[in-house]
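For reference, TrEMBL has these:
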BINDING   16-23, 63-67, 139-142  GTP binding site
DOMAIN    8-189  domain 'Era-type G'
DOMAIN    220-297  domain 'KH type-2'
REGION    16-23  region 'G1'
REGION    42-46  region 'G2'
REGION    63-66  region 'G3'
REGION    139-142  region 'G4'
Amino acid sequence: MTETEITRAGFAAIIGAPNAGKSTLTNRLVGAKVAIVTHKVQTTRFPVRGVAQVGDAQIVLVDTPGIFVAKRRLDRAMVKAAWSGAADADAIVHLIDSSAWVADKAGNATGAQKMSIADDLRVIEQLKLTEKRAFLALNKIDLFPHDQVLPVMGELNDTGVYDEIFMISAENGDGVGRLSAALADRMPAGTALYPPDQTADLPMRLLAAEVTREKLLLRMHQELPYQLMVETESWEERKDGSVRVQQVIIVGRDGHKAMVLGKNGASIKEIGRMARKELIEMLDRPVHLFLFVKVDEKWQERRDSYSGIGLEFDV
Ligand SMILES: Nc1nc2c(ncn2[C@@H]2O[C@H](COP(=O)(O)OP(=O)(O)OP(=O)(O)O)[C@@H](O)[C@H]2O)c(=O)[nH]1
Ligand SMILES: [Mg+2]
């Protein structure tokens, strides 16, 4: 389809508690990987845009960081960015991990699920306060029989902040078509905001750093992943068609550096191998990836750590 056939275009923000599946949904709607996904909370750190075309509508999806009670500076900056992602959107999708609610109704919710529900309720309060209407998407319906979600649906419908409710599985795509059609309907009349063949608008250096951070999150345990960041230091296109990428993994402590490196460097080698494999797929050409680890105790208190990924420092 060409640009001229787009008659409606706008922004749809996906907001919700950490781990609800916002990035999974964004990638599914876009049909390409624009945002990293892990089983850990607080994977997404800054709003990421992905472009989807549904009929004659262009939907610019804004995947946002999870919304939770944030104490540390980085967390506060992430939550602020999530809400600002929703502020100017033409449509808001509040995505909920409905398996947590179903478990809670059955009286066997885990601590993490209870936390996720508390975060959902706070999002609803904020929607009420700002008088914003949203679509509710009950995600992860592949995890339980569908009739179990009906009481949850009723309770959430009663909050009065939702225009429509959708049952979806971002993971396997169930129900996502209906949601995307409804989003397309909400897009205001206008010409395309992005060229028709563009799916992401993250600079390649930043996306590549995210890929490495995803592999770190998947491999590292406990608190460590939340305390590191990845920067692409250099990006060199070579004459032979390959690209040389150099990245630095910044950690807060010597002990963390040792963990990232692993015994005889085994850990960082594996992370580099996985990241490189994905970069080759994304870029469709040979990639030489060089990873270094640096200790910077103060990185979370440095202004440029935030500006580099578009977050506000003074929050
Ligand atoms: N079973 C199931 N799992 C899902 C579904 N959607 C997402 N997940 C999983 O839930 C986890 C979190 O997914 P993400 O997409 O990273 O969630 P997020 O809301 O972006 O998380 P943050 O960026 O941390 O706020 C991952 O392990 C996903 O594979 C779904 O529909 N069904
Ligand atoms: Mg995410």
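The chain as shown is numbered from 1 upward.
Placed from the backbone N, Cα and C atoms, the Cβ positions cover glycine too.
Screening the binding-site residues Gly16, Asn19, Lys22, Thr64, Ile67, Ile141 for a C-beta under 6 A from any atom of ligand 2 leaves Lys22. In the three-state DSSP scheme, Asn19 (GTP binding site) is classed as coil. The residues of the domain 'KH type-2' (220-297), classed with DSSP into helix (H, G, I), strand (E, B) and coil, number 33 helix, 28 strand, 17 coil. Around Ile141 (GTP binding site), the same-chain residues at least 6 positions away in sequence with a Cβ under 8 Å from its Cβ are Ser98, Ser99, Val149, Met167, Ile168, Ser169, Asp174, Gly175.
The least crowded of the binding-site residues Asn19, Thr64, judged by other CB atoms within 10 A of its own CB, is Asn19. Regional average pLDDT for the domain 'KH type-2' (220-297) in the model is 94. Counting every protein chain shown, 24 other Cβ atoms lie within 10 Å of the Cβ of Ile67 (GTP binding site).
For ligand 1, the nearby binding-site residues are Asn19, Lys22; that is, of Asn19, Lys22, Thr64, Ile67, Ile141, these have a C-beta under 6 Å from one of its atoms. For the recorded site, Ile141 (GTP binding site), the DSSP three-state label reads helix. Comparing Cβ neighbour counts within 10 Å across the binding-site residues Gly16, Lys22, the minimum falls on Gly16.
In the three-state DSSP classification, Thr64 (GTP binding site) falls within coil. In the region 'G2' (42-46), helix, strand and coil residues by DSSP number 0 helix, 0 strand, 5 coil.
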